[in-house]
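Undergrad: One structure, as structure tokens, below. Some questions next.
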């Protein structure tokens with residue numbers, strides 16, 4: 001018995017002093033760790049700590065410059081992903097590797113044997129999806145899916161290959177608590193089946209709840225191995241960040257009820273904007289000055305459409321559907337709304353909030369050329385940009401938000417996700433807007449930067465602005481918000497007081513129950 | 001085990017941004033030398049007569065400017081299109097329509113003379129080219145039609161329309177049935193810049209002025225920023241409050257207008273009448289010019305002169321070493337190919353990986 005017990009827990013994968021160098025940056029520097037069969041192993045680290053690089057080497061999309069990878073005790077050179085799959089390594093990427101113009105089933109078929117007929121792929125995918133509680137329409141075009149839905153496709157695709165080792169990069173960021181719970185059950189089921197899982201997450205309590213062992217990376221080096229169940233979330237975070245994370249200060253505000261309404265949305269309805277887009281139905285809410293208003297919900301329930309309607313990227317015929325300090329702005333463009341005092345921060349950082357191949361100063365100009373035309377443009381109708389003014393604003397943002405970057409004014413694409421998010425929000429804070437609408441403020445951002453971002457959003461509201469936060473992370477909303485409403489299939493629930501509402505109530509509202517049922 | 005890897009640079013390389021066109025030129029010259037060798041000609045003599053000889057005489061430098069003017073004008077307009085992600089391949093057609101619109105005045109009203117004729121002709125040329133370019137722009141903005149196909153196909157329409165005009169309604173009544181329009185009267189001819197030394201006309205001056213102006217607009221103003229943002233990411237552009245649809249029209253109208261100006265300048269300055277063929281493919285060669293110039297109007301001035309040299313060199317090589325002038329097209333193709341290949345170096349570095357782990361695996 002003892003012998004078989006040991007045989008069951010034998011080592012599946014080991015990594016020995018793995019090193020990867022990009023130019024002068026050591027992305028991975030002598031990384032060591034190992035995973036046993038039937039183990040859920042956590043990989044913890046801030047953005048830019050080298051987790052993605054490490055994982056890419058395990059999956060064969062990058063080649064190490066030194067060290068070796070042992071699979072079942074044998075050294076292997078994993079030259080390409082197909083070889084990794086052949087070994088039995090499956091991967092769910094953080095940045096999805098899906099083709100927008102293909103359907104879900106076609107995307108899945110791409111990673112399977114060429115001989116599998118598409119109809120069989122659809123059926124298989126839906127079966128696996130049901131089993132693991134990841135509802136998905138196999139015929140839908142990936143381009144029309146939300147971020148959350150895309151991630152589900154990635155997870156299903158990976159599970160279909162029946163790998164021995166599954167690498168999951170931030171898998172729960174877009175799931176409801178109930179769905180996360182189902183995913184954990186799935187992962188535990190897989191563990192009982194003897195499969196191994198490499199689990200990358202910033203959610204420390206998840207790691208603590210789920211993982212057998214953890215490896216912590218900082219600046220490309222392993223700073224420690226630990227057993228998460230013996231640690232506290234804050235001791236894990238301290239290992240990861242290398243400093244104690246400060247906790248959010250939320251001062252009770254007695255005058256909240258008496259404050260003037262800054263922003264109100266009245267019966268906002270909008271038909272679907274594409275074949276797989278969600279219609280908005282009768283959305284109504286008010287946000288007074290000094291309040292952080294949270295909008296929860298699972299991805300793809302109309303949050304994206306709501307953001308577009310509120311930002312003015314999509315206009316409404318009836319101007320009075322959206323009021324900013326009493327002024328009807330429903331038919332105003334995004335820049336007219338900015339000039340009226342609003343600021344916006346969308347979910348996607350690259351390609352929406354910022355352009356990766358433009359410099360940071362140009363990215364400041366991107367959202368502020370109209371609202372701060374006097375500061376950044378000269379020459380009258382010629383509208384000549386003033387690089388010096390932009391650079392001094394950039395320096396100010398970098399200083400207040402602690403944005404870490406290389407060089408004076410690098411391309412936005414060189415920043416890590418967390419630092420870019422700090423810059424994007426800092427760009428709007430710097431204007432002192434009377435209304436800020438932010439979608440997924442801390443998606444994929446490490447714990448240290450996330451805490452800072454949440455604190456700065458609260459600080460903005462305390463200075464008298466209205467803040468609307470759209471997020472799929474309930475912990476975040478409960479931590480920051482005064483009131484929380486839930487989006488489900490394009491409808492919005494009654495706002496709930498964050499101080500009294502339970503996670504179960506919110507979870508039920510996300511699932512489509514109405515407030516009466518939920519309470 | 002040795003592999004060659006392309007590794008994405010964290011930041012685009014400033015050195016290769018500047019040197020990649022030069023590397024491309026060197027590669028083109030080497031490949032050209034090999035081609036001449038295979039044709040049984042001396043590569044040094046061929047390359048000399050191709051690239052050096054046309055620069056040794058004053059008249060020939062004037063010819064260089066004549067050929068460079070339309071290339072620079074068209075490529076400057078195309079740079080706005082390409083930077084904003086609008087793939088206008090139909091500049092050849094817009095060039096022809098510019099020539100036709102501008103020529104309408106001296107051909108249909110030859111009795112109308114005076115100093116107003118030329119400015120009106122140039123204006124009509126711009127309008128003609130711009131109007132023709134709005135067709136693919138409208139199709140793209142309204143129906144999401146692929147502008148590469150629609151703009152390219154309209155080139156053939158323009159060519160056949162010109163052919164029909166000079167054989168039919170606009171044929172010179174005193175022209176012994178040759179398929180040509182009447183020759184323009186003196187007020188309708190774009191004058192030479194410096195008559196004493198050669199026949200280069202004011203089209204070259206327009207080209208330089210407009211390229212410099214466009215450089216300023218693209219690099220210093222908010223409009224130029226808008227062009228680049230919409231080209232890099234339409235959604236980020238929408239977030240910035242810019243309109244993709246308006247940019248489609250702006251870019252096509254600018255490119256079409258400049259191609260039209262090039263067309264009427266060529267007809268009025270270099271030819272002096274309408275003929276069935278008024279362009280040796282300037283509209284297509286300008287695509288190479290735009291990319292060789294890195295979509296930067298100042299770079300385009302240099303690139304335009306280099307490609308103009310390939311036209312002259314083709315003619316010179318035909319005479320002096322007896323190769324087909326189709327060699328010009330081969331050179332242009334090689335050049336575009338090398339330019340696009342060398343551009344890889346800007347965003348990627350080449351790395352030769354010697355894997356020692358091969359041994360460890362054993």
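Yeah, the Cβs are placed from backbone N, Cα and C, and that goes for glycine too.
In TrEMBL, annotation is done automatically, which means it is predicted and not curated.
According to TrEMBL, the record shows the following:
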type	residues	note
TRANSMEM	B:12-39	transmembrane segment
TRANSMEM	B:59-83	transmembrane segment
TRANSMEM	B:95-112	transmembrane segment
TRANSMEM	B:118-139	transmembrane segment
TRANSMEM	B:148-166	transmembrane segment
TRANSMEM	B:200-218	transmembrane segment
TRANSMEM	B:247-265	transmembrane segment
TRANSMEM	B:277-293	transmembrane segment
TRANSMEM	B:300-323	transmembrane segment
TRANSMEM	B:329-350	transmembrane segment
Undergrad: Under an 8 Å Cβ to Cβ limit, what residues of the same chain, 6 or more beyond the ends of the transmembrane segment (B:59-83), are close to it?
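TA: Tertiary neighbours of the transmembrane segment (B:59-83) are 91, 95, 193, 197-201, 203-204, 206-208, 210-211, 214, 218, 227-228, 231, 250-252, 254-259, 261-263, 265-266, 269-270, 279, 282-283, 285-287, 289-291, 293, 295-297, 300-301, 303-305, 307-309, 311-312.
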Undergrad: Are there residues at least 6 beyond the ends of the transmembrane segment (B:118-139) whose Cβ is under 8 Å from a Cβ of it, and what are they?
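TA: Contacts of the transmembrane segment (B:118-139) (Cβ under 8 Å, skipping residues fewer than 6 from its ends): 86, 88, 90, 93-95, 97-106, 145, 147, 150-151, 154, 158, 187-190, 248-249, 251-265, 268.
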Undergrad: Between the transmembrane segment (B:300-323) and the transmembrane segment (B:247-265), are there three or more CB pairs that fall under 8 A, provided the residues in each pair are separated by 6 or more in sequence?
TA: no
Undergrad: Restricting to the same chain and to residues at least six past its boundaries, which positions have a Cβ under 8 Å from a Cβ of the transmembrane segment (B:95-112)?
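TA: For the transmembrane segment (B:95-112), the far contacts come to 70, 74, 120-122, 124-129, 131-132, 155, 158-159, 161-162, 165, 170, 181-182, 184-185, 188, 256, 259-264, 266-268, 273-274, 278-279, 282-283.
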Undergrad: Same chain, outside the transmembrane segment (B:148-166) by at least 6, Cβ under 8 Å from its Cβ: which residues?
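TA: Non-local partners: 87-90, 92-94, 96-97, 99-100, 132-133, 135-136, 139-140, 179-181, 274-278, 283.
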Undergrad: What else in the chain is close to the transmembrane segment (B:12-39), if you only count residues 6 or more beyond its ends and a Cβ gap under 8 Å?
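TA: Result: 46-47, 50-51, 292-294, 299, 303, 306, 323, 327, 330-331, 334-335, 338-339, 341-343, 345-347, 349.
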Undergrad: Please give the sequence-distant neighbours of the transmembrane segment (B:277-293): residues at least 6 beyond its ends with Cβ less than 8 Å from one of its Cβ atoms.
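TA: Distal contacts: 21, 24, 70-72, 74-75, 78-79, 82, 89-96, 99, 155, 159, 162, 259, 262-263, 266-267, 271, 299-304, 306-307, 311, 329, 332, 335-336, 339-340, 343.
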